[in-house]
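The following features are taken from Swiss-Prot:
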type     : residues      : note
DISULFID : CYS181-CYS200 : disulfide bond
LIPID    : CYS18         : S-palmitoyl cysteine
LIPID    : CYS19         : S-palmitoyl cysteine
LIPID    : CYS22         : S-palmitoyl cysteine
LIPID    : CYS121        : S-palmitoyl cysteine
LIPID    : CYS124        : S-palmitoyl cysteine
TOPO_DOM : 1-22          : topological domain 'Cytoplasmic'
TOPO_DOM : 49-82         : topological domain 'Extracellular'
TOPO_DOM : 104-128       : topological domain 'Cytoplasmic'
TOPO_DOM : 150-218       : topological domain 'Extracellular'
TOPO_DOM : 240-258       : topological domain 'Cytoplasmic'
TRANSMEM : 23-48         : transmembrane segment
TRANSMEM : 83-103        : transmembrane segment
TRANSMEM : 129-149       : transmembrane segment
TRANSMEM : 219-239       : transmembrane segment
Amino acid sequence: MFPVRHALLCKALGCYDCCIRCLGAVPYPSLVSTLLCFTGMALFCGCGHEALAHTEVLVETYFVRNIQDYVILASFIKYFQYVIYGLASFFFLYCILLLAEGFYTTSAVKQTFGEFRSTRCGRCLSLTFIIVTYVLAVIWLAVFAFTAIPSSSSLIWHRPATTSTSWTETTPSINQHGWICMDARQYGLLPWNAMPGKACGMTLASICKTKEFFVTYDLYIAAFAGAGIALLALFLYVVATTYNYAVLRFLGRKGLRC
């Protein structure tokens with residue numbers, strides 16, 4: 001990416017001046033966006049994968065007796081986990097490409113290196129990245145909204161679990177509060193003919209005391225936060241690439257070397 005004359009330029013300017021010029025060519029917005037995207041996708045993919053696995057275990061253990069009742073849920077979780085693998089790989093490669101494009105456009109805008117300039121093909125490539133990143137941001141906005149569904153559902157489940165746990169410690173018999181239930185069928189996890197489909201009384205209290213239940217709640221919240229961080233990174237990418245492209249177009253119209 002750097003021209004051959006870069007080594008001669010460093011020798012002529014000195015080490016300090018060369019380092020300053022190199023640091024000036026770093027696309028800090030793209031670098032920050034890359035770090036945010038890596039962090040967000042790691043949270044979303046890692047925590048989302050484990051949250052789905054824990055959800056399958058909880059439903060299989062406490063809410064169904066017949067394996068046919070949750071076969072659709074198990075298939076959905078399996079396929080969605082494969083989608084998570086693909087998302088992690090795609091965003092890793094795409095963020096690397098965006099960071100490289102940020103180095104290219106930033107160096108061309110600041111004219112850091114004498115022979116390093118943009119071409120019409122390079123500007124078209126930058127415009128392509130802008131459009132693709134914008135489309136990805138819109139799609140990921142829908143993913144972020146979709147991620148809010150299991151997060152809010154786990155938050156709703158967490159409330160009766162906390163209530164059941166506290167009453168277990170203060171009441172001699174939890175069966176006195178048998179009306180406190182969690183029904184997996186009303187959230188679409190199981191068909192309405194699934195038996196028992198819900199947990200009440202002592203069964204609910206035993207679920208709420210398991211480590212898997214509270215870990216699943218934390219994992220869904222972390223996955224939701226990761227999706228938000230990745231969405232922020234995509235919007236930062238759009239802003240940074242659009243700004244660099246606009247400057248390149250402006251300098252090109254003025255007839256300056258860029």
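Backbone N, Cα and C atoms are what each Cβ position is placed from, and that goes for glycine too.
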Among CYS124, CYS200, the one of these recorded positions whose Cβ has the fewest neighbouring Cβ atoms within 10 Å:
CYS124
For the topological domain 'Extracellular' (49-82), residues assigned helix / strand / coil by DSSP:
29 helix, 1 strand, 4 coil
Which listed range (23-48, 129-149, 219-239) shows the maximal number of Cβ pairs under 8 Å with respect to the transmembrane segment (83-103)?
23-48
Give, as a single whole number between 0 and 100, the mean pLDDT over the topological domain 'Cytoplasmic' (1-22).
55
Give the distance between the Cα atoms of CYS181 (disulfide bond) and CYS124 (S-palmitoyl cysteine), rounded to the nearest whole Å.
58
Cβ contacts under 8 Å made by the transmembrane segment (129-149) with residues that lie 6+ beyond its boundaries:
44, 48, 94, 97-98, 101, 223-224, 227-228, 230-231, 234-235, 237-238, 241-242, 245
